[in-house]
Amino acid sequence: MGRFIFMSFGLLVVAASLRGTGADCLSGWSSYEGHCYKAFEKYKTWEDAERVCTEQAKGAHLVSIESSGEADFVAQLVTQNMKRLDFYIWIGLRVQGKVKQCNSEWSDGSSVSYENWIEAESKTCLGLEKETDFRKWVNIYCGQQNPFVCEA
């Protein structure tokens, strides 16, 4: 009997270790390639959404999308976890200054290495648009209140 309990415990430890980085995420968060994500149905301005993200977990910010795979993951997270799908979802990027160019950094400080624009405008903040199944970026007025996705 003792041997059975020891073996069962050993298998449990192995199974838990094989689950990967998902075990490192807070409850209610989802993992993708070593990062944790959570979709929030709270309606906030871009700045307020960023503040909420930083209060949720250590190192958290509005999501920074760095690949098409991550874009697909975030789109799926939004559609599966939000009851009411509005037109836009905040992401952690905004235009800085008067030039119609994207700032070279996400709100978490990482460089922009992947872009997926619908079209570039100068409304200063960016979000994902429902019409593109939340896969394309669109400029939105920063004072508009939208749901958002945090990444830690």
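Backbone N, Cα and C define each Cβ position, glycine as well.
Swiss-Prot lists SER64, GLU66, GLU70, GLU151 with the feature Ca(2+) binding site. DSSP gives GLU151 (Ca(2+) binding site) a strand state.
Swiss-Prot lists CYS25-CYS36 (among others) with the feature disulfide bond, giving experimental evidence as the kind of evidence. Counting Cβ atoms from all protein chains shown, CYS36 (disulfide bond) has 21 others lying within 10 Å of its own Cβ.
Under the heading disulfide bond, Swiss-Prot lists CYS53-CYS150 (among others). A C-beta separation below 8 Å, combined with a sequence spacing of at least six in one chain, links CYS53 (disulfide bond) to ALA60, HIS61, LEU62, GLY92, PHE148, CYS150, GLU151.
Reduced to three states, the DSSP call for CYS142 (disulfide bond) is coil. Positions annotated as disulfide bond by Swiss-Prot: CYS125-CYS142 (among others).
Positions annotated as domain 'C-type lectin' by Swiss-Prot: 24-152.
Sequence annotations record features per position, and here Swiss-Prot assigns signal peptide to 1-23.
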Message = Nearest by CA distance to SER64 (Ca(2+) binding site): which of the disulfide-bonded residues is it, out of CYS25, CYS125, CYS142?
response = CYS125
Overall pLDDT of the domain 'C-type lectin' (24-152), taken as the mean = 85
Ask   = Taking the center of the Cβ atoms of SER64, GLU66, GLU70, GLU151 at the recorded Ca(2+) site, which other residues in this chain have a Cβ no more than 8 Å from that point?
value = HIS35, VAL63, ILE65, SER67, VAL74, TRP106, SER110
